[in-house]
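Annotation source TrEMBL lists transmembrane segment at B:20-40, B:277-298, B:325-348, B:368-394. Look at TrEMBL and you will find B:22-252 tagged as domain 'MacB-like periplasmic core'. The domain 'ABC3 transporter permease C-terminal' annotation in TrEMBL covers B:282-400.
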Amino acid sequence: MTEVALQAVELVRRIEGAVSHTLVNGIDLAVSKGEFVAITGPSGSGKSSLLYLLGLLDAPSEGEVMICGQPTSKLSESDRADVRLTKCGFVFQFHFLLPEFTSLDNVLLPMRAAGRMAEAEMRERGLALLDSLGLAEHANKRPNQLSGGQRQRVAIARALANRPEIIVADEPTGALDTASTEQVFSILRNIADKGQTVVVVTHDPALAARADRRIHIVDGKIAEITERGRGELVCEAVS
Amino acid sequence: MKLLFNIAWTHVSTRVRQTLVGMAGVSMGVGFTIMMAGLMQGSQIDFLRQLVDTMPHITVEDERRSVPTQPAEQEYAAVQMSDIANVGKRPGIRYSESVMSSLRSWIPGDVAPSAKTTAIVNHGGARIGITLSGIDPRREVQVSKLATQMREGKIDDLSRAPNGIIMGEALAEKLGVKTGNTVLLVGGQGVQLNSTVAGLYRSGLKRVDESQIYSLMGPAQVMMGQSGVINQLRLRLNDPMLAQKVAAQVEAQTGYKSVSWQEANADLLSSFTVRDFIVLTVMGAMLLTSSFATYNIISTITHEKRQDIAIMKSLGMREYAVRRIFIIEAAIIGVVGILFGWILGYLLCYGWSKITIFNPLTGATVPLQIYYSLAHYVIVGGISLVCCAGAAYFPARKATCVHPVEIIRGAS
Ligand SMILES: Nc1ncnc2c1ncn2[C@@H]1O[C@H](COP(=O)(O)OP(=O)(O)OP(=O)(O)O)[C@@H](O)[C@H]1O
Ligand SMILES: [Mg+2]
């Protein structure tokens, strides 16, 4: 049995209001260290909502998210921020880089916020990260001087900055062309192969097929789980 | 912190014009407020200095604060008496010499005796009621500025002329007399005394100059009909601000009514208090208004940077850290604005001090008195900085408490 990096237990997220709405409706999931999981499902099925919960960006209405075995539901907002800073890296469909800063400064941002390394050490790591994603010559460019694919790679480098155990990405290739999509996906694959845990939401079935496990979500529930190379493995039927 | 400062600097330095407007707002508020403070305090201090210089700091009179109660009143609660004159008491401060030497032993200043009475001065057809104070020239110089206020003659001339007196220039003008002329003084008891004008003074306070005459002890006591009486002690302190405290102590020790200059001028000082209050309110309002430009800028920046705020929060930066970025921005605007405001304030004060006005008290054209004080700069700067930080705090709090998921959902 491999080490579990990320675990969801009976996860529920409800929006209370005039019309109450359940975005995530009782999800159980355990992702091992170094695993690459793809989440698929129709639009509006709650994929993003689930990802925000797994990345501690949002708090569940019920249930528990465990990061490296640590329960998180009782943490304060600022403690959750600390966990995000050091244990979870985010990549969104939109790059969300700070427009006034260079690629390097954007990558350095989480490291500087954590403040655990000397400036020189941070710069070295930042440059190495950019280099590993093929961005060495773009380190001093601002986001508006980069292409969409390059920006998304900078965003990935930023997500990796503090060596998080878990990387979550919400349609990171949604706005990219085929070549860039291929590039971004192989980078994420690489990250997982090196031992970090990756959870990606994607609409592209071809890409999802390259994940270790594919989790299909319908109406906030897991409809089916497919493991690579073993065909379909129905875990929970739609009720 | 360095990171936050970096981000803050990036935000303000990419908005040069807005930032400059904010700084100019702060500068003007600070500059004008410092100018006002210097002018107001300058004129006030100038006025008080003249007042304090002219008057004794504490006057001890041979009166009690309240009429002594009658023995019957002390005994029976129901007894009420009216129209009772206290008769048979010799006026004056008893054992004044020993009282003075005992006071001299502890008061931070000096004390001089005088014999004060009222009289009417007659000259030609004019009859004017005045206050006559018999003084001891040697001791007088210790407690009053009379010596420096002399326009003609000297205090010592009092003993050279027969029944010599010194009067205010204003009174002399009214009576039409000059140094060396003789006037007739008529006392309350009907005593008449031909006096020679030995000198003229000008204190700057009109009510003093028109009604206060000085003579030696002898003539004043003759006018009173009480030889040898000292009915007033006048104290001058090294620090006039201690007058109230010392007066209370003197009164407790001697039992005689001791009036500090503050008490004697309570009406004037209370009008100062009202004036101070108004001025402080206006200055506070100016500083507050001057920080509105800052409020505006920070509101704009936080609004434009909603997405950046969401990113920073989603990356795991704490809310207060993100909020601090905007406070730092306001502080940058504030600090630079305040520095220029200080310069502006100093220049304005300097400009005003070059303007001269006619002073009716001294009859001279003098420059406007400006009070330069480091405290003005520090306090005005401090308040302005707090206003700027406050102006930034509210929009920053509003913008940073938004949940990042809301914005991330909205943007993608
Ligand atoms: N604040 C909200 N209030 C009400 N409903 C919401 C709110 N946020 C999301 N929803 C709804 O919750 C459902 C799940 O949204 P979510 O963004 O998780 O879907 P998704 O699977 O990521 O869809 P897509 O593939 O289009 O990104 C949607 O039907 C959406 O309309
Ligand atoms: Mg989505």
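Cβ from N, Cα, C; glycine included.
Bear in mind that TrEMBL entries carry predicted annotations, made automatically and left uncurated.
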Stretch of maximal Cβ-Cβ contact with the transmembrane segment (B:20-40) [cut-off: under 8 Å; candidates B:277-298, B:325-348, B:368-394]: B:325-348
Within the predicted model, mean pLDDT of the domain 'MacB-like periplasmic core' (B:22-252): 86
Three-state composition of the domain 'ABC3 transporter permease C-terminal' (B:282-400), taking helix and strand from DSSP: 94 helix, 8 strand, 17 coil
